[in-house]
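Below you'll find the structure I mean.
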Amino acid sequence: LECHNQQSIQTPTTTGCSGGETNCYKKRWRDHRGYRTERGCGCPSVKNGIEINCCTTDRCNN
C-alpha cells in the first residue's frame, strides 16, 4: 500500500507502508496556527476534537 505522508499543505509525498498495513489515514485538527493535517500509514485512534479519515487504496489519503 502506498500512502501520502506530507504534513498540512506541503508538496505531496508518498511512502510505501510496511508490515502488510492495509490503511492510510488523514488526521485534521485546529490549533493556534489554524488547521493542521497529518497523513500516513495505518488508522490510529484519536482524541476528541481530531477528525480522522481512514481508507484502503493507494494514495487515497490526500
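Using the three backbone atoms N, Cα and C, a Cβ is placed for every residue, glycine included.
A quick note: this is a predicted structure, and the numbers were derived from the prediction, not measured.
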Tell me which of 1-20, 41-60 corresponds to the region 'Disordered' entry in Swiss-Prot.
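Result: 1-20 is the stretch Swiss-Prot calls region 'Disordered'.
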Validating a neighbour-count step here. Other CB atoms within 10 A of the CB of CYS60 (disulfide bond): how many?
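Excluding its own Cβ, CYS60 (disulfide bond) sees 17 Cβ atoms within 10 Å.
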Across all protein chains in the structure, which of the disulfide-bonded residues CYS3, CYS24, CYS55 has the highest Cβ count within 10 Å?
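Output for this query is CYS24.
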Among the disulfide-bonded residues listed here, CYS17, CYS41, whose Cβ has the fewest other Cβ atoms inside 10 Å?
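Fewest other Cβ atoms within 10 Å, among the disulfide-bonded residues CYS17, CYS41, is found for CYS17.
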How many neighbouring Cβ atoms, not counting its own, are there within 10 Å of the Cβ of CYS43 (disulfide bond)?
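17, counting other Cβ atoms within 10 Å of CYS43 (disulfide bond).
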CYS24 (disulfide bond) to CYS41 (disulfide bond): how many Å between their Cα atoms?
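Checking the Cα atoms of CYS24 (disulfide bond) and CYS41 (disulfide bond) gives a distance of 4 Å.
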